[in-house]
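These come from TrEMBL:
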DOMAIN    127-209  domain 'PKD'
DOMAIN    424-506  domain 'PKD'
DOMAIN    648-730  domain 'PKD'
DOMAIN    731-801  domain 'PKD'
REGION    1032-1056  region 'Disordered'
COMPBIAS  1202-1225  compositional bias 'Low complexity'
REGION    1202-1228  region 'Disordered'
TRANSMEM  1232-1248  transmembrane segment
Amino acid sequence: MRQGITLLLLLALVVGAAAAGEKTPPAFPHEFYGSVTIDGDPAPAGTVITGVIEDISCGSIQVIEAGRYGDPDRRKGNRLLVEGTSGQKGATITFLANGATAKETISFTPGAVTCLNLSFEGVVTAPVAAFKAEPISGDVPLTVAFTDESTGAAIWSWDFGDNATSDQRNPTHTYEAPGAYTVTLTVANTAGSDSATATITVTVPVGSVAVTSTPAGAAIYLDGTDTGLATNTTLTGIPVGEHVITLKLDGYADASTPVTVEAGKTAAVHLDLTTLTGSLAVTSVPAGAKVFIDGADTGKLTNTTIDGIGIGSHTVTLRKDGYVDATSEITIEEAKSATLHLDLEEIITTGSIEVTSVPTNATIFLDGENTGKFTNAALTGIPAGEHNVTLKLAGYVDATKMVIVTAGETAALHFDLDEVVTAPVAAFKAEPISGDVPLTVAFTDESTGAAIWSWDFGDNATSDQRNPTHTYEAPGTYTVTLTVTNTVGSDSATATITVTVPVGSVEVTSAPANAAIYLDGTDTGLTTNATLTGIPVGEHVITLKLDGYADASTPVTVEAGETVAVHLDLTTLTGSLAVTSVPAGAKVFIDGADTGKLTNTTIDGIGIGTHTVTLKKDGYIDAASEITIEEAKTATLHLNLDEVVTAPVAAFKAEPISGDAPLTVAFTDESTGAATWSWDFGDNTTSAEQNPSHTYEAPGTYTVTLTVANTAGSDSATATITVTEPSGPAPVANFTANVTSGNVPLTVRFTDASTGADSWYWAFGDGATSTEQNPVHTYTQVGRFTVTLTVANTAGSSSATGVVTARDIPPAPPKAEENFTLGSDAVNVTTGEGGQQVTFNATAGLNVTGNEIHLQTGGLAVTIKTENLTTAGNVSTGNVTGVHLESAPVNATVGSAGNVSVSFTAEMDNYDPALGITTTIYEQPGDATQTAFALAAQDEGSEIAGIAYAVYFTKTTPTDTIRDAVLRLTVSPGWVDANGGIDAIRIFRLGDDGNRSVLQTTYAGMENGMMVFTAISPEGFSAFAIGAVAPSSPPAPAPSRSSGGGGSGSQASVGAASNLKVGERVVLSMDRTAISAVTFTAKNQIRDVMVTMAKGSLPRDAKAPTGTVYQYIEATLYRAAAEDFSSVEFRFAVPANWLAAQGCTKDEVRLFRLTDDGWREVPVEALGEENGNAIFAASPEGFSLFAITATGKAPDVEEPTLEPIETETTPPADVTTTPVDTTPTTPQPTPLPVWVAVLALGVSLFLVRRRT
């Protein structure tokens, strides 16, 4: 399958290259980081450094930390990426900053990572003039404040345009006369000068007149002069004072009125015009046509007579479905009836459009619908009227034109299509878009192609973050504008945020209804039953008033956006009750009904007569009494409550319960309900304390009794204390070894670390023993040996064990050997209760990024990760949270394997400056090691076809745990081809614990003519070899193993697409897992998208999801975000026989996604069955680890082999499969899984990974 994918990708590359002509393919970027100075000083934050190849800008980065650019930690991604083509390899890169060129240059090397320190000599550039004036217009006298916004200026010269000048930087000037003034600012420095201008407009005071009439459209005359305007409109710029407005309209009598205009105000004038009318008798053939006069529907149908038509000339139009509109001019005379007859012509309803374009073959869309035709072509049977024709052609901008189709005729439409020039497209999401003040809104950028983001939040606040959060402190409606920019252009998008004052509602009902509703003492004008809306949140009082009933009130709490219900039963005759109790806080019940009140309180609105009042309080006996309520009077009632008392329950804890005399024991009471405590310690001593402490002076067994009591009774509990004769402590065995693994003969120095020992006995695991305290032993045989130290004294003995692994040394001497060390004089470590601390001198040349310390030492690039990093003077201190190691390559010439290279990365929990790691390359492993590798291959259903070479790693400090090592081994293409090709290559491991395995091996591309293979060793270092395997006979499939089997190449399936337009849909076929297809529908324009699917496993710190797990699947999305798609659908299958074995049906299949909050279920739709598999569809919200499960579990059921489901996928128009980039590259380590990085190398467009 992998070879098939490779051939398809190579074929896509050939086709793509043929279509592109001679265009040179892009190469991986050359990455840079280091120090940067300008005139010997650290370059300030904000300085932009640009890499240039052949006078073309090929990448830029902004200095974040003064004096540094980029980051040594490639996982943070913020390096200067200089991008070029494969044809520019070796070209010179120059570096620019602030108009200056760095002294340093370097050759362009695709895929390389270089630490390059840059130095610039500062240059003085000519100033750029700019300023702001506020205000720029207004009535005389006008005072304007000028604010300089120039750059690089040393001298300022202002000319205000009215013969006044200034040399201040930010002057203020007052214009005393009306007019338009050109203000000029000239700035200068030693490099030159520059000018900028602005116009200030000073006006005389004027006002406006809003003129309306019935009907509108009357000509407006001001003081007898035609203004050229018609009602309804506003006359502006009218000098203040008295004026006369006259209106004239054909068919109406002239009308006039005086008006007074005031400065800066608008006066309103309205005149009702008097109509002069006549009549019209209108007929048509056929009859029944609608009659329109001057475009207005009269509501009449022919044949008819219409009265009240204004005198003068009118346009009469007759309109009837299926006929052409007929129009005629008619003159209406005052008090006369005109006649009109029109014959209607039937309509021919359709026509044609001839569509041509340059270039041709563009898809033709008519009114948004795909016609299925391509230019040049004719569209026939088009309804008469206006239509929009759109042409779409890959690589060209969509073009739309409006065409008017005339029935029975052919309209010609030609397009000259413009090639696509990609500019950014602004888009963003705001959450929430409305709410009460203060309102905090999170803005999420959804733009495409943006490099710079500029936000205007509509309240004078701005931001240049990509995804800012902003809080609106005042109510209002705000227009948020996002402007995005790149080198091609810019684009903007807006959204509206509505901030409101929180209000709620109160639903008020009463029995009886129709009571007047008062809110906080004010009559609302409403009566029950009704709902009061728009009530400010907070505490309010509702009062109801109704003749013949007592006023009724109640407090109410109004909450934002909610409706609170208030109901009051109105009573005619009521009194009150003041009820108190000891203690207070008792619930008050009247006639068995809970009043909701607690004593001490007064309860109003109680019906007159005799009532039973009951008080209830937890822990007390209910108290009741009869009370008589009189109209408009307050009765009083006081009740004393009796406390409920239950018998106590005795319980206690003793610590310790045994030990040598004298033994002091602490007793802790755990009884309930006790009022008194009586202790009998069993040695004729007692205590009345609740938590006493007692010392037993003599050995013996003592029964301790605790008796507790209260007014309801008593209870007892006992415990036994054992006191023994005193004796010395037994020893505790412990030891260390200077090495725990290595090649035979292996000499190990053991150091006793026991406490209290008088004698020592060592058993070294190979038949040898020793009674020395600190022996030295040499292992001469290969094996894994358990070392046991037994120590003893008069009080007893103790044992401790450890493991020593002696590896067989290969028969031939090593081809290369390198010792890597972590020690650095600049770094000191200490260990305390809070863990390991690191201290270093900031002047020692170390590179610090955030909480990470980067140093080069002993052939290693070491990153010490810390937290709470603090600096005092030149000394910095932090708590160590982890260490990342990256080694330099170890090179050797190994026969047909070629000039090989071995390097590694690894993780540690602490920093140990004494640690050393020796890397040794052998032509072949030792006999015992090779046997273990052969058995590991058999475990995977294969056999070793050949070993290229072996690598042994030895630590000098065995107590340090190294984990998650990533090995990077190279071998010649000739050796790979001779031993079965890429898919046959495996990396083998033999651990110091004797466990053997075949690591998941990944091909990572070419480097210096050698093929690079990588593998992850979670358990750290030991003995490794790179070799090739062949299937055993008969072949057996490689089982899924948590330790990572070799299998046949990558265990992941990959799918990719590009050039997705909004609304387009693409289906990516997958294999290797139960998921057979992923369908994307683009919400935004998508340049590239890639997804991988691989079998996963349950993380150690995660709980399993509900049900029996059929399969874990790791789904990863690259180059796009889940938010870029309006829908994502997975299609997956579960064998029907597996479901039957679980006792389940397809309706019990579930899909779960692992999130930060745990497993989240994804809704599943059952689609049916294919090839014995139940087929399902699901639409997840994101990509991560998934689990397919079913309810019901049958014992001893293993995961079956899933039969592949054939899916035929046809990409939509303009969606292309990304070709393979065969340019040799130097892959860099990545925080993503290694197999993902390798797959990404096969798709050259996917240089930037993004996991959702």
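Each Cβ is built from the backbone N, Cα and C atoms, and glycine gets one as well.
In the predicted structure, the domain 'PKD' (127-209) carries a mean pLDDT of 91. Across the range of the domain 'PKD' (127-209), the DSSP-based residue counts are 0 helix, 54 strand, 29 coil.
Broken down with DSSP, the domain 'PKD' (731-801) shows 0 helix, 43 strand, 28 coil. Each residue in the domain 'PKD' (424-506) gets a DSSP state, and the totals come to 0 helix, 52 strand, 31 coil. In the domain 'PKD' (648-730), helix, strand and coil residues by DSSP number 0 helix, 50 strand, 33 coil.
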